[in-house]
Amino acid sequence: MTVLSNKRGVELDDLDGRAPVATPTPLVPATAEPLPDPAPAVRPSFGASVRAYVALTKPRVIELLLITTLPVMFLADGGVPALSTVLLTLAFGTMSAGAANAINCYIDRDIDAKMRRTRRRPLARHQVTPARALIFGVGLATVSTAGFLLTVNPVAAAGSLFAILFYVFVYSLLLKRRTSQNVVWGGIAGCMPVLIGWAAVTGGVAWTPLVLFGVVFLWTPPHTWTLAMRYRDDYAVAKVPMLPVVATERRVVTESLVYTYATVACSLLLWPVAGMGPVYGAVAVALGLVFLAEGHRLLRAVRAGVTGVHLRPMRFFHLSNVYLALLFTAVAIDPILS
């Protein structure tokens with residue numbers, strides 16, 4: 001057998017004309033200097049960490065909840081309630097809502113990472129670990145419940161705890177990913193601040209706060225559905241069966257208008273039930289007409305074949321925020337002026 005060897009350590013076997021077979025040369029250890037160790041991860045500043053934890057509580061959602069809490073306290077008192085009661089209720093109410101929202105962020109972290117509207121939330125951006133977010137939420141829930149119990153009254157504490165548990169277990173875990181009616185029944189948690197505010201002043205519940213509970217309950221679906229119309233593709237990608245994802249725009253707009261009529265009717269029911277004065281009555285009627293007009297604008301547009309962003313569903317969404325804020329402002333002002 002004839003074996004030829006080249007300088008690179010490659011042997012050529014010409015015994016039977018087979019193709020040359022290359023024998024790899026053993027690897028030679030690198031003589032270059034070793035790479036430096038990876039730079040340690042930069043820890044966020046204290047301020048950045050605080051902002052991340054605050055963002056977990058969804059401050060804008062809390063603002064909307066407090067808008068319904070404070071006016072009901074004025075109505076329950078028939079004037080200006082005790083400052084200490086107001087401050088304690090708002091403080092622990094903020095913690096209660098923040099707890100529910102933080103735990104919701106923990107549960108929905110996979111969804112939030114997929115949606116454009118939510119991808120900048122702390123867990124989606126890995127600014128807070130899931131475990132710490134959960135501990136933070138549970139801690140807020142514990143402090144808020146204990147605070148209501150020790151400084152306000154047991155009824156307010158029970159309402160606060162119920163709202164947290166309902167939002168976490170019924171809405172976030174049971175309903176949100178399973179039914180298009182998720183926000184209808186899940187909205188019960190968002191109605192609880194009305195009862196909590198009343199209970200903080202009176203120590204109980206009556207027909208008046210139940211009517212206002214109904215206003216918020218009926219207001220929630222069209223408010224949320226018009227937002228979901230704008231971000232329909234986001235919800236579809238995240239596989240959240242919001243009504244705009246599983247139904248036609250015409251059906252969504254029609255059902256939203258039905259709920260809008262029911263909201264306005266319930267707001268007017270407060271007039272005789274609570275013995276409201278002319279200030280509330282005038283505001284409720286005027287706001288109701290504007291709210292209904294916007295709902296009918298959407299319906300006319302969808303009937304005319306307008307679709308998608310051209311429907312401008314966010315106009316209704318933003319108007320619904322203004323409607324609720326001004327209506328509850330009238331709830332607070334009316335007993336003072338009357």
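Using N, Cα and C of the backbone, Cβ positions are placed for all residues, glycine too.
Remember, predicted model here, so these are calculated numbers, not experimental data.
Within the set 14-36, 37-59, the record from TrEMBL flags 14-36 under the feature region 'Disordered'. Between the transmembrane segment (316-337) and the stretches 61-80, 86-107, 155-175, 207-231, 252-271, it is 61-80 that has the most C-beta pairs under 8 angstroms. Long-range contacts of the transmembrane segment (277-295) within the same chain, counting only residues at least 6 positions beyond its ends with a Cβ under 8 Å from a Cβ of the stretch, are 222, 253, 256-257, 260-261, 263-264, 267-268, 270-271, 315-316, 319-320, 323, 326-327, 329-331, 333-335, 337-338. Within the same chain, residues 49, 52-53, 56-57, 88-89, 91-93, 95-96, 98-103, 105-106, 109, 122, 156-157, 160-161, 164, 196, 200 sit at least 6 positions outside the transmembrane segment (128-149) and bring their C-beta atoms closer than 8 Å to a C-beta of that stretch.
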